[in-house]
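Trainee: If you scroll down you'll find the structure; I have some questions about it.
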């Protein structure tokens, strides 16, 4: 079946004419002989189109794979804001196809629309990559450039989306319908291949390459931009051998005008003297031809079934937002390979390529042999149920992650740990405002504390008195603390006595599944530590404490360091996912400076492999829902309505992303509860959809064509009593 039929009707203004008249078809474009591939019936031009689609999908999905983490860790937005903007961008990408289709059908034609909007696409990538350069302005400029770039990318990718596949179908002659069907299979394969490779590669470009001491988001956005340039060049190279159909008029506009005229005409003629008509669309008969009205009737039957569909997309598209954020709190070490959090998205296109033949060749056939009538609507309902189960599994994983995570201080609470860097044991007593003992423990020299101690405050901020007993000395000191914070009390030698300093730790989380570290320098000279290609961390002398620095998970056996007088290296060992480390640099041995290591925030314990079941369930649901839904929709709509149906299908994806945006901004639920909420909402929608599907009677396309003369009553006699829009001949 050709899913991209030409429009059969163009609106012709008239002052009312007999509805039997049908406007003539627009002239077909000149048939230009096209060179074939190796003597086959496949035109050579489709090679350029398929390569273009592969590069464009690489560009889009590669950029999108790292987008949520870019918002979270480069622009420093909250998780809710990052999720909302991610889905707002996704939604915009599925609204703009309507604009692209209108431009192509009514004005420029498919070829010029693809060329011009691809230039916009490339410009968006350039601006987006510039917004990811840390040296270019501040956060405000980065945000503005990112939003402008994303807007242009949404216009480009959405605008060319309805044009490229249809333009490829135009390259075939009508007598080569079988080859055209196989072309669409190859075209779909190129989409998934581009998505699969880019989703795996771009997170590596982000995490494995350091730019200005941080994750290289500029490179992760720049490489997809380069692929889009290649896509544009390859597509333009085939210009001379393409068959380029001229614009034939926008069927979407015709459908909207027909529906609007029927509604307004019915509203204007509410008199009881005017006989009722069998269908509300019959009120468009004064202006529009019968066949168009019958086609719109068939279309509205399918569109009615589309009403519940956005909720499925609301769940499916969270793989790139909420599920990626969940992966940042998991351990990506699989033993044979280490996965970055945003690389888990590669499972979706990979499983799609496996599940489509598995379902078509095995599962559906087994179900059919069991005597079960597994209709298209039932497949879609089962796909919804699988997505519900996927989010139930995601909620379970989220609960387990929270159980393994370190506790968080509540209001009027702090977490305190004591680090004894003196050469002997120190007894530490924490005294409250009334000199009552809140904490008392004896801490050995360089003892690794197993956990933070929880202390309660009387107000949001409070002064604590500390009594330190060292040998025969008692030292009293006072430090101020604030609620909901983490603190480390560092005890150090001060001549023959001891002193202490209170250091505020970062919040009890690390970023992007990476590892965080800080250094305490006990040497008498400043140290410069090189942790990346373009970064160095300076730690002041005499118990100076560095800022936090995040690095990739991995082994660090020899980190280059430099003082004013010498160069040396430190063995930091394995720095694991999500952990936070404190390194104390000492010079107590003859081997030179050494790093004493303490892990005070434990590494992520739950393996990222636990996300595999939820990805498998949601991908199986996608195959049953999306592929089956498109096949069913096209089989139920007349040939002239295929482009309208494509636009409507993409609109359901856009609305689904808007649902996620609204929930993320206003629900204020903990993450596992939000997953349960989405699962329950889709379950309710699935029940509604099942009821709607139960009462839906499938029809054959030829029935639509054959009933055109039977169902619309002829409008005879004097029509002076009907108020219609006046149009000029």
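From the backbone N, Cα and C atoms, a Cβ is placed for every residue, glycine too.
Any TrEMBL annotation is an automated prediction that lacks curation.
This is the feature table in TrEMBL:
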| type | residues | note |
| --- | --- | --- |
| TRANSMEM | 58-78 | transmembrane segment |
| TRANSMEM | 84-104 | transmembrane segment |
| TRANSMEM | 116-137 | transmembrane segment |
| TRANSMEM | 143-164 | transmembrane segment |
| TRANSMEM | 185-205 | transmembrane segment |
| TRANSMEM | 217-237 | transmembrane segment |
| TRANSMEM | 298-316 | transmembrane segment |
| TRANSMEM | 346-367 | transmembrane segment |
| TRANSMEM | 379-397 | transmembrane segment |
| TRANSMEM | 647-669 | transmembrane segment |
| TRANSMEM | 675-697 | transmembrane segment |
Trainee: Could you tell me what the rest of the chain brings near the transmembrane segment (116-137), counting residues at least six beyond its ends with Cβ under 8 Å?
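Mentor: Same-chain contacts beyond the ends: 56, 59, 63, 70, 74, 100, 103, 108, 143-146, 148-157, 159-160, 211-212, 214, 217-218, 220-222, 224-225, 228-229, 231-232, 235.
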Trainee: Thinking of Cβ pairs under 8 Å, which stretch from 84-104, 185-205, 647-669 has the most of them with the transmembrane segment (58-78)?
Mentor: 185-205
Trainee: Where among 84-104, 217-237, 346-367, 647-669, 675-697 do we find the most Cβ pairs under 8 Å to the transmembrane segment (379-397)?
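Mentor: The stretch with the most contacts is 675-697.
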Trainee: Given a Cβ distance threshold of under 8 angstroms, which distant residues of the chain, six or more beyond its ends, lie next to the transmembrane segment (675-697)?
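Mentor: Distant contacts of the transmembrane segment (675-697): 301, 304-305, 308-309, 311-312, 314-315, 318, 322, 377-378, 380-381, 384-385, 387-389, 391-392, 394-395, 398, 663, 667, 669.
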Trainee: Does the transmembrane segment (185-205) make contact with the transmembrane segment (346-367) through 3 or more Cβ pairs under 8 Å, each pair 6 or more apart in sequence?
Mentor: yes
Trainee: Tell me if the transmembrane segment (217-237) touches the transmembrane segment (647-669). I count contact as 3 or more CB pairs below 8 A, with pairs 6 or more residues apart.
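Mentor: Touching, no - the transmembrane segment (647-669) and the transmembrane segment (217-237) miss the threshold of 3 or more Cβ pairs under 8 Å.
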Trainee: Give the nonlocal contacts of the transmembrane segment (298-316) in its own chain as ranges (CB under 8 Å, at least six residues past its ends).
Mentor: 255, 259, 281, 377, 383-384, 387-388, 390-391, 618, 621-622, 625, 629, 633, 636-638, 641, 644-645, 648-649, 652-653, 655-660, 663, 678-679, 681-682, 685-686, 688-689, 692-693, 696, 699, 704
Trainee: Take the transmembrane segment (84-104) and find every residue of the same chain, 6 or more past its ends, with a Cβ under 8 Å from one of its Cβ atoms.
Mentor: 60, 64, 67-68, 71, 77, 110, 113, 117, 150-151, 153-155, 157-163, 247, 250, 252-253, 317, 320-321, 643, 646-647, 650-651, 653-658, 660-661, 664-665
